[in-house]
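Down below is the structure, laid out as structure tokens.
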Amino acid sequence: MLEVPGVVVHYQLHKYQHPVSSNKCPSRYPHLESIQQKKETSQTIYPPHKMSALIRDAPFGQIVRYLTNNRVFQYPEERADFQLPAAYTSHAHMEAKELDSDTTSSSTNDPEEPAVEENYHPSIVEELEKVDTRSEGEDEELSDLEKLQTVRTNYTARTQISRVGTRTALSKSISRADLEQQFSLAALEPGPSRPIAPETRQDGTILVDWYTTDDPENPQNWLFGKKLLILIQLLLYTMGVYMGSAIYSPSIPGVMEQFGVQIGAASMGLSMYVLAYGVGPLLFSPLSEIPIIGRNPPYIISYAIFVILCIPTALADDFNTLVALRFLQGFFGSPCLATGGATLQDIYSLLQLPYVLSLWALAATCGPAIGPIISGFSVTAMNWRWSLWEMLWLNGPIFLALFFFLPETSSATILLRRAQRLRALTGNDNLKSQSEIDQANLTASAIASEALWRPFQLMLLDPSIAFTAVYTAIIYGIFYSFFEAFPLVYIDVYGFNLGEMGLTFLSVTIGVFLSLAFYWTYIYKLVNPEILKHGMGAPERRLVPALAVTFFVPVGLFVFGWTARSDIHWIVSCIGIVITTIGIFLIIQCIFLYLPLSYPQYAASLFAGNDFTRSALAAGSIHFSYPMFHNLGVDKGVTLLAGLTIGCSAGVYVLYFFGERLRAKSRFAAK
């Protein structure tokens, strides 16, 4: 860990060979100094990962370990043939080293521990020169909760920040310069396996870290196949939960008939589900950041409840019970939204992350679009309850896959458990993980403040953040208004049945896949090379694609609304939906890249506030869109929505050209 005035910078570094320079890293930067070479390697410490290791780290394996008192599915430290790395035995009697620039110069010349020469990237040194010039007043002291979101990562295999993406939580120590360094390092090939020397604090605490630069317990080092398995499970989980919202839509007429309610009341089965998975992340997101808990317990426990609730929901014989159970389903299904991006960041580098996050967003967008396709024909053939039974049939197998094959991915949790095992093995209570130390002072009030107040504080005090929340909420609300508009267009105007009407939602899926192809090309051809060459630049640079596609939303809406007539082929209105979806998907992707760069230290709160606002307006749109379309007509109602997006399109340009000045003048930045 490198401490400089006013900032604490955490890195994960590995040995690499720069194509131009192979100079020795100056001793001024102790976190880049080479570590001692030991006889042990990762292959002698413990054997490579096998399927048993995957199952061991999954919820099923953890339950078996608990029931057998850790005799089954053992970790390396629990096996008789485990060799404790020499660094952990030698550190028991080593004095703690000072990390400031004066003492580091002398400590690196210790004759008893000759350092091995380490190659380094020149840009790292240049950036650290900039960091050294920062004043102490430029950064606040980390809160206990924010400390938990940063794990000590010196000398480890790859650069890593705590969380990035759709659900991000960067510690306050992460600056834009740090992110630029990490993008540069992510593009370099890892060097040979090397031992990692643990840090010893002045109080004698030995910080437990990865054993080697290619430690197979480090999620960033997992094999491609293992990462792919996790990605597929997460995509299925996300799609299954999001599908649960719109899969109910074809059942609305049956619910009206069964319980004698009007369409506004019957639609609550959809709106309450959508509202609930916007509320859930306010609770589940901070829970997953507590190292003693980790990612998997919120996933598995809540998803198990979600699957179980499918049964009483499908059997509900009272309307109020049905609505209440639908709300609970949405709430307990929300951890995929709250923590999915964090799980992907745990295992993928910063250069790979935009691609997998866009796949995750694809699953979240296509889920509601595919739901009516699945239930439309079955509800027509059987009854309205079949859509709810299909939720059980879809999500039950996905839950079993997660239960047996989804490993814990949080580095903070993995290292905390390693520290516990090392203490049991050695009897040395000074062996602790950084997250374990930070967790000691965590209070419930800190969690509540970070989770419940900070998201809304940011929106209230910063106009740029408020605009992004309002804009994404409007286009998300428009997306969910389709579920009320489509029956009026394709059933009433074109005479489709429920199953055929559901097929028109494939327009959304087509739009998402077209957007994904463009987005991946843009990231690969322009964004990553630009960042590696010139740095990340201002956060507003992430909005460039949005400048082009922001007008796709109103144009597509006009095409849909004004061509939905019996004398015009239905495919024309579907083309309008494709155009609108392209705009919606790419705008949300751009905003989700912009938000964590605007206030990196508060990214989790930014996304929590944005998620809640989107879901709340989407839930409301389900109720106001039907009477609006029914009274104004689909053409005029869609025109009204398109007018709102035109105003927001102008706001995107204002944000792009003046966002930095707005952020500098915001009341939150002043605080």
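These residue numbers are counts, starting from 1, taken along the chain as shown.
Placement of Cβ uses the backbone N, Cα and C atoms for every residue, glycine included.
Listed in TrEMBL:
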- 97-125: region 'Disordered' (REGION)
- 228-248: transmembrane segment (TRANSMEM)
- 228-671: domain 'Major facilitator superfamily (MFS) profile' (DOMAIN)
- 260-284: transmembrane segment (TRANSMEM)
- 296-315: transmembrane segment (TRANSMEM)
- 356-378: transmembrane segment (TRANSMEM)
- 398-416: transmembrane segment (TRANSMEM)
- 464-483: transmembrane segment (TRANSMEM)
- 503-522: transmembrane segment (TRANSMEM)
- 543-564: transmembrane segment (TRANSMEM)
- 570-595: transmembrane segment (TRANSMEM)
- 638-658: transmembrane segment (TRANSMEM)
Close approaches to the transmembrane segment (356-378) from elsewhere in its chain (Cβ under 8 angstroms; 6 or more beyond its ends): 165-166, 231, 234-236, 238-251, 337, 340-341, 344, 348, 386-387, 390, 394, 479-480, 483, 486, 497-503, 505-506, 508-509, 512-513, 516, 519-520, 581, 585, 588-589, 592
Confidence summary for the domain 'Major facilitator superfamily (MFS) profile' (228-671), mean pLDDT rounded: 87
Beyond the flanks of the transmembrane segment (228-248) by at least 6 residues, Cβ under 8 Å: 54, 269-270, 273-274, 277, 299, 303, 306, 326, 329-330, 333-334, 336-337, 340, 343-344, 347, 356, 359-360, 362-372, 374-375, 387-388, 390-391, 394-395, 398, 401-402, 405-407, 409, 483, 505
Closest-packing stretch to the transmembrane segment (638-658), where packing means Cβ pairs under 8 Å, from 398-416, 464-483, 503-522: 464-483
